[in-house]
Amino acid sequence: MAESTTTSPTHLTPFVEVDRDAWAALAPATKNPLTEVELVQLRGLGDRLDLQEVSDVYLPLSRLINLYAAGARNLHRATSDFLGERAQRTPFVIGVAGSVAVGKSTVARLLRELLSRWSDTPRVELITTDGFLYPNAELERRGIMDRKGFPESYDRRHLLKFVSQVKSGAEEVRAPFYSHVEYDIVADAEVVIRRPDILIVEGLNVLQPPLGGRLALSDLFDFTIYVDARTHDIENWFVERFRKLRASAFTEDDSFFHQFASMDEDAALAFAREVWRTINEPNLKQNVQPTRSRATLVLRKGADHKVSSVLLRKI
Ligand SMILES: Nc1ncnc2c1ncn2[C@@H]1O[C@H](COP(=O)(O)OP(=O)(O)O)[C@@H](O)[C@H]1O
Ligand SMILES: CC(C)(COP(=O)(O)O)[C@@H](O)C(=O)NCCC(=O)O
């Protein structure tokens, strides 16, 4: 296990770095609870997530989070005792951050499955922050249609209110729904969250620091994960996902990207690279990457999507 803290203040990091093999050795003596069939259902548009990766990386991670959740419950109970109040169970909230196309949804879906298999947290819900993007009409009105995914393209107050309500134990909390096919918020659709044991909040900007002393979403998290990889690799995953979507979702009549399904492949992929270069990469550099050091844990992925090391916050 490599200590990544050095004596030079410029290199000071709050993390301890654990390489893949050392991390895999931490795997609990629990059999991988997922079957190959379940795993196939969890896969996004990639095909490399295998059972070995689940056992080596994500199973130990789910165990660590399970320990944090038990710790948070104990602390909560002790605080209620101290105040002479009856302890109310509050959901444990996890944030999953990282670039567009780095694999956040895949990590979040996998964790939802794994965490729900621990007996003390059977109900795990997942929400993506894209539901809190302003509708296209509002982005147009604000002149930021080409900034989708940047912090200002979200209704951050609404998102904060939503997570606060879930965390304070509300019976039922509703969120808007964003469709990647329609490329917009769907007016008559919603996501409903009902008192989960764990809520996973996945999105590009979930680790943004508070603005001007106000409460930020990141203040409500009990555990945060930053999914990290080389920018060049992420760009390739983004373009590859676009290429696969051309043959699937983009062929649907109501797809915003319908024109790309029939377009010459080179031209379509050139468009994807342009979106990466002008929107997603600048957002990664300006807004997302700077939040990495705020995470509780960083998953570093190699070009093949396999996690090569894990950085865990120790201070
Ligand atoms: N662990 C993994 N193994 C193989 N492919 C993956 C893995 N994680 C993500 N991918 C693929 O990489 C692309 C981006 O992943 P996704 O989870 O959609 O990213 P994000 O939610 O960050 O935009 C998708 O095509 C997905 O299938
Ligand atoms: C919907 C997203 C902003 C991601 O949202 P998130 O769930 O991370 O908040 C992103 O996946 C995306 O589609 N960006 C759009 C870039 C563009 O084509 O305009």
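FYI, residue positions are counted from 1 along the chain as it appears here.
Keep in mind that glycine also has a Cβ here, set from the backbone N, Cα and C atoms.
Any TrEMBL annotation is an automated prediction that lacks curation.
Sequence annotations record features per position, and here TrEMBL assigns domain 'Phosphoribulokinase/uridine kinase' to 93-231. Among the features that TrEMBL reports, ATP binding site is placed at G98, S99, V100, A101, V102, G103, K104, S105.
For the recorded ATP site, residues G98, S99, V100, A101, V102, G103, K104, S105 set the reference point as the centre of their Cβ atoms, and the other residues of that chain within 8 Å of it by Cβ are L204, V227, I234, W237. Residue counts of the domain 'Phosphoribulokinase/uridine kinase' (93-231) by helix, strand and coil are 47 helix, 41 strand, 51 coil (DSSP-based). Of all the binding-site residues given, namely S99, S105, the one with the smallest number of surrounding CB atoms inside 10 A is S105. Selection of the binding-site residues S99, V100, A101, V102, S105 by a Cβ distance under 6 Å from ligand 2 yields, in sequence order, V100. In sequence order, I234, E235, W237, F238, R241, N280 are the residues of the chain that are 6 or more apart from A101 (ATP binding site) and have a CB within less than 8 Å of its CB.
Cβ neighbours within 10 Å of G103 (ATP binding site), excluding its own Cβ and spanning all shown chains: 23.
Each of the binding-site residues V100, V102 was scored by other CB atoms within 10 A of its CB, and the lowest score goes to V100. Contacts of K104 (ATP binding site) defined by a Cβ separation under 8 A and a same-chain sequence distance of 6+ are given as V96, A97, G98, E202, G203, L204, V227, in order along the sequence. Restricting the average to the domain 'Phosphoribulokinase/uridine kinase' (93-231) gives a pLDDT of 95.
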